[in-house]
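What follows is a single structure, written as structure tokens, with notes after it.
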Amino acid sequence: MGSPAIASAAGVATRPTAGRFLSHTQRPIRAISAATAASRPTTPKTVTRFTYLSRQISSWENRHGALTIRCGHSPSKTLTTNRRLNSTSTATKPVAPNSLAQTSRTSSFISPRYLPLILLLAIGGFAWDSQWLFPSTPTSTDPAEQTILGPARKFIPFAVVAREQVSPTSFILTLKAPTSSLPSVASLWKVFDLWCVEVKQPQIQVAREYTPLPPPPGSADEDTLRLYVRAVRGGEVSTYLSRLSPPSVDGGPGDTVELRGPHGEFDLSSRLGGRGDRVVFLAGGTGIASALQAAHAVLPLPGAPSMTIFWAVRSRDEIQQGGNTLQMKPSQTVSWWSWNPFSRRSADNSSSGIRAEALTAQVKDPSPVSRELLALKERYGDRLDIRVVIDQEGTAVRDSDLAAALTQPGPKRPSNPSPPSTHAVEGCKFHSQTAHIGMVDGAPNAGKRSLFKPDDCACSSGTAAPGKNLFVVSGPEGFVQAYAGAKLWRDGGQLQGPVGGMLGVLQRKSPEILKDWIVLKL
């Protein structure tokens, strides 16, 4: 027998079974429906509901015919769906064709009366977002917002054009701004004394603030920024930056990095005023970038103050290439007790002056950062004193070093133990330490010198313009806390907080030592 005949016979054999299966399936469904309907209370509302539903189903069947199942060449058999729907049934409820058509018309198009409103909202949204879409056309008259960075709302791609290794874990990245007819990013050095930019890690959408290094002497490229970066284990952004590279020698493209800013920090010039003649800057690690910014801002001023920079690093590689040890004078030799910040013997030797190692031109193979510090030293001479301490060699900035730096006279007054005090109103936001406790970075004038007016200062003096000396601490959070006290967190932001740490200990021992000083924490 041929295969078609076998298939036909198999079909004939299975059709009675299929028919019995459908018949037996139909009876229980009808029985369940009848039992469920009978179990419900026969209120007039219930009877009306089921009567209406039955009429709808019958009407729909009459219009579209019964559901027919045809199998092979046998006469067609018809199975009519007379299932009744109830609350426990899983069958799909038939929907009237008129309802389907009405639903389709409702969901397929929006009423014309809403189109003008939608168009108006779209135009308004585009106009509102235009400052984000076109950052090259700023409308602000603020000089800080006239560069390619704009008003610090949008990340701008900068090209990596150079990379210079400082130590095995730190490097300097040189970034170039996109071509634009706007003022160069170098104009920001005329707006701020201290400022920073945000760097974005694109993979995890995290941003961290970095302080640009001042342009080196004689630099002609005004569209570049330099960042001093130390790759920290577990640091998302620093690790990302360590993988970036400039264009290769064979013409391969370099990487890009996205920046947002600028963010102004404290206005140093307005706080120095006419009487401030000393700046002491304590920098930890890459915090030396802020110290270089401060020197770049205050040392060229008319009647400029003298400045002492303490630079604390982990290893000598940050100071010298190859890590060669400087030859120290016998009086500078330190032991374990002399570098302990809170050692009693360290405090007893406070009269010996600053004992931290001096960075001079005699250093061999200075690192790129040391070269910039030495260039400043050569330019300003005795007005700039640079000291370094190395953690791996057991040296640190002691309280005696700080005491000597705080009592050292500036160029505006003779050397005497009792300098004339500077009068300051407690509420003055530039010259009162009490007013700085609840102050955020950059306040009260967003770090912009141009926004300072004489009327903003609440101080008065009978002999000279008001002003204070400045003690600035920059570095990791633990470093700042150890020397000047912790910053405060409030309402999602950081405040300066009271003076603490080593400076707080000195102030409790000698209440007058910080009388003419403003302490700033970066």
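Glycine too: its Cβ is placed from the backbone N, Cα and C atoms.
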Range among 46-65, 406-425 that TrEMBL annotates as region 'Disordered': 406-425
Cα-Cα distance, maximum over Arg208, Tyr210, Val237, Ser238, record's FAD binders, Å: 10
Protein Cβ atoms within 10 Å of Arg208 (FAD binding site), excluding its own: 17
